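Undergrad: Sharing a structure below in structure tokens format, with a few things to ask.
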Amino acid sequence: MSLTYVTAKEAAALVNHNDNVGFSGFTHAGCPKVVPVEIAKRAEEEHAKGNPFKIGMFTGASTGDSIDGSLARANAVKFRTPYQTNKDMRNAINAVEHDPIQYFDMHLSQVAQEIRYGFLGGVDVAVVEACEVTESGEIVPTSGVGIMPTICRLAKKVIVELNDKVPAKMRGVHDLYELQDPPKRRHINIFEVQNRIGLEYVKVDPSKIYVVRTSEENEGSGFAPVDEITAKIGENVANFFVSELKKGNIPPTFLPIQSGVGNIANAVLASMAQNKDIPRFEVYTEVIQDAVLDMMQKGHISFASGCSLTLSNEAMDRFYRDLDFFKNKLVLRPSEISNNPGLVRRLGVIGINTALEADIFGNVNSTHVMGNMMMNGIGGSGDFTRSAYISIFVTPSTAKNGMISAIVPKVAHEDHSEHSVKVIVSEYGVADLRGKGTYARAEEIIENCAHPDYRPLLRDYLNLSKKGHTPQNLYACYDFHKAFLETGSMLNADFSKYKK
Ligand code: 0RQ
């Protein structure tokens, strides 16, 4: 049977009010770009007629502006999970006084299985990007996978954006495999980063496929150049690795690295490339950013497994040009495999993620500014942190021109607890929390990671109540945050009033 070809507008008409829609991709990579914009237009048209129109959204991680931006601006979203980074989506999620989006911030590895378990409602429509689709129903993803195998299998209708800007030669880059669900789950046959266990494509019944031809560029913006602070954080991480290698805590062949998304993560990898004492290593991660590509070409990274190629447009072009070179050195997997905590522990992955703030005992907040405003979400940080061989959090010591300390007495929201966080790194140094009790952890974090301007205040807090296993003072623990909210600077915190 032949496939059904439709326009983007016709495809959007297949989506109804209250439908749950799953989107392919992970970050902007591999996301559909045309149909979501048409769904947003449809929502606006229905709203103008006085009709309700909102959808539930499942994604792999954050998406491009065509999905999150368009749908948020059209007030077309009923609920959304997981991670997002779009300004308009973030504002809509935080705008409780209006009609807020139900946003639930899940560990990325769990999204596909929770959809399968039925916890989140069914999938009515999948909208996915592909570089190839065959008459028999084989769909080959583009630069990001996310939850694509699950949503394609479960959806009643699968809308495929066939993007001719992505070479069909991408076929072979992916390894697509869906986990079985309990009580029948079996072991996952990945014992080395480069092992393959699945198919090059997702296969669905062709009668439910609607193909929209597109010609869309990658939505990737560039990375900020490495600045003094991110370079120093990167250097501190690299030096920490060298000392761990010398102590024999990391095997001489090194271990696979996961590094989160964004400028700091990119800078950390760049610093590892510059350090001659770090051997060639592998990457088992979620997002493969520009630095990984550079390091593969220069021979610093031997193999990369990820869920997406989150590349700038320049790096994406370079990838397509050298596809034959990269094909043997790289694999893209669904998020339930790229972020699988069991595999992270099995492979001994070293996880590097970013904190908004950490407290002096090692609890980390990666998501909520001042405890209430959602920034992005935890993304895959929890998938990796809890199971990592060594879990590292990186952060500049201050934010907002020094008015906010990233090291605080108590985090205003907790994503990663002291039980999972092993190492914290700022531009000032490395706090190694392994094997240390609460007082020693606090000293390590204050003296090695806090900005020198904040160290006396943090010492004052620590000295307030030397009581019990954790010297927490519930009357004073949020005085850094209160000082910022009331005066615009955490430097105005004053613990003298609590001293008897
Ligand atoms: O805001 O740009 O308005 O000045 O937060 O901070 O330093 O540019 O760093 O872009 O890497 O973002 C944690 C949000 C950091 C991100 C977070 C303000 C700061 C700035 C951004 P401005 P930076 P980044 C990967 C795995 C989730 C956890 C993770 C993130 C803006 O890395 O979402 O790693 N991580 N997941 O000024 C108020 C503070 C602040 C603060 C920074 N304490 N209070 N504002 N900022 N610290 C994701 C995936 O799985 C795909």
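Placement of Cβ uses the backbone N, Cα and C atoms for every residue, glycine included.
TrEMBL: automatically predicted annotations, no manual curation.
So TrEMBL lists these for the protein:
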DOMAIN    7-209  domain 'Acetyl-CoA hydrolase/transferase N-terminal'
ACT_SITE  GLU286  active site, 5-glutamyl coenzyme A thioester intermediate
DOMAIN    317-461  domain 'Acetyl-CoA hydrolase/transferase C-terminal'
BINDING   ASN376, GLY380, LYS400  CoA binding site
Undergrad: What is the total of other Cβ atoms whose distance to the Cβ of ASN376 (CoA binding site) is within 10 Å?
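TA: For ASN376 (CoA binding site), the count of other Cβ atoms within 10 Å is 21.
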Undergrad: Can you tell me the CA-to-CA distance separating ASN376 (CoA binding site) and GLU286 (active site, 5-glutamyl coenzyme A thioester intermediate), as a whole number of Å?
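TA: Cα-Cα distance, ASN376 (CoA binding site) to GLU286 (active site, 5-glutamyl coenzyme A thioester intermediate): 16 Å.
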Undergrad: Among all protein chains shown, how many Cβ atoms are found within 10 Å of the Cβ of GLY380 (CoA binding site), not counting that one?
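TA: The answer is 29 other Cβ atoms.
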Undergrad: Drop a 10 Å sphere on every Cβ of the recorded positions GLU286, LYS400 and tell me which sphere holds the fewest other Cβ atoms.
TA: LYS400
Undergrad: Specify the secondary structure state of LYS400 (CoA binding site) as given by DSSP, simplified to three classes.
TA: coil
Undergrad: For the domain 'Acetyl-CoA hydrolase/transferase C-terminal' (317-461), would you mind checking the mean pLDDT of the predicted model?
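TA: So the average pLDDT across the domain 'Acetyl-CoA hydrolase/transferase C-terminal' (317-461) works out to 97.
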Undergrad: Rounded to a whole number, how many Å is the Cα of GLU286 (active site, 5-glutamyl coenzyme A thioester intermediate) away from the Cα of GLY380 (CoA binding site)?
TA: 7
Undergrad: For the domain 'Acetyl-CoA hydrolase/transferase C-terminal' (317-461), how many residues does DSSP put in helix, in strand and in coil?
TA: 44 helix, 38 strand, 63 coil
Undergrad: Can you tell me whether DSSP puts GLU286 (active site, 5-glutamyl coenzyme A thioester intermediate) in helix, strand or coil?
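TA: The residue in question, GLU286 (active site, 5-glutamyl coenzyme A thioester intermediate), is coil (DSSP, three-state).
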